[in-house]
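Report on the following structure.
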Amino acid sequence: MLCCMRRTKQVEKNDEDQKIEQDGIKPEDKAHKAATKIQASFRGHITRKKLKGEKKGDAQAAEAEGNEKDEAPVADGVEKKEGEGPTPTDGAPASGPKAEETGKAGETPSEEKKGEGTPDAATEQAAPQAPVPSEEKAGSAETESATKASTDNSPSSKAEDAPAKEEPKQADVPAAVTAAAAATTPAAEDAAAKATAQPPTDAVESSQAEEKIEAVDETKPKESARQDEGKGEEREADQEHA
């Protein structure tokens, strides 16, 4: 039994060796290659995730930088406005003493010009105010004239309304009369036409009766003559037979 077992094991080993020789790759090598492939796939997956995260981070960083750049000009503009704001106020006091100095140097001529200019300004202000009362007076005069005209025209309008009311009444009366006359005339005409139409019908009927009688009278002699002729012919025929 032991000999058989040994022999069979040797045969199995020989078969495996032959397969390895044919393939050229050992099972250990296959397992190692598979493990390396799996590790490589994991590494590639991890690297891809890292790359995606880096891209997202880069995009977020770019957006943040853009926002910061946008905010920076706004802040600069605000600072510039704030910086420019006090400058006119600072310049005003500086110009004030200079103006005073120049006023002192020029002395009376400018003051005299101002004195001459004030009356002109006062007259100009009074001039536009002056036309206002005239316009008010004109408006009041127009309203008064309109009211007077309305009061003057009121009696004449009443007088015109009275004849206008009477005229429609007078116009209605003839219209009613003409309507009644128009309604009566057709009835009278129909009655006259019927009265005139009846006698001719009687005359026609009587003439027709007379014609019938005459026709009967005319036909009777003819019939009697025909009968006589027929009888004479019959007699002649009888005589011939006899």
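Glycine is treated like the rest: Cβ placed from N, Cα and C.
Copied over from Swiss-Prot, here are the features:
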- 9-32: compositional bias 'Basic and acidic residues' (COMPBIAS)
- 66-84: compositional bias 'Basic and acidic residues' (COMPBIAS)
- 98-117: compositional bias 'Basic and acidic residues' (COMPBIAS)
- 142-157: compositional bias 'Polar residues' (COMPBIAS)
- 158-170: compositional bias 'Basic and acidic residues' (COMPBIAS)
- 171-203: compositional bias 'Low complexity' (COMPBIAS)
- 209-242: compositional bias 'Basic and acidic residues' (COMPBIAS)
- 31-60: domain 'IQ' (DOMAIN)
- Cys3: S-palmitoyl cysteine (LIPID)
- Cys4: S-palmitoyl cysteine (LIPID)
- Ser41: phosphoserine (MOD_RES)
- Ser154: phosphoserine (MOD_RES)
- Ser156: phosphoserine (MOD_RES)
- Ser157: phosphoserine (MOD_RES)
- Thr185: phosphothreonine (MOD_RES)
- Ser206: phosphoserine (MOD_RES)
- Ser207: phosphoserine (MOD_RES)
- 1-242: region 'Disordered' (REGION)
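Long-range neighbours of the compositional bias 'Basic and acidic residues' (209-242) within the same chain, counting only residues 6 or more positions beyond its ends whose Cβ lies under 8 Å from a Cβ of the stretch, are absent. Over the domain 'IQ' (31-60) the predicted model carries a mean pLDDT of 83. Counted with DSSP, the compositional bias 'Basic and acidic residues' (209-242) comes out as 33 helix, 0 strand, 1 coil. Remark: secondary structure over the domain 'IQ' (31-60) totals 30 helix, 0 strand, 0 coil, with classes taken from DSSP.
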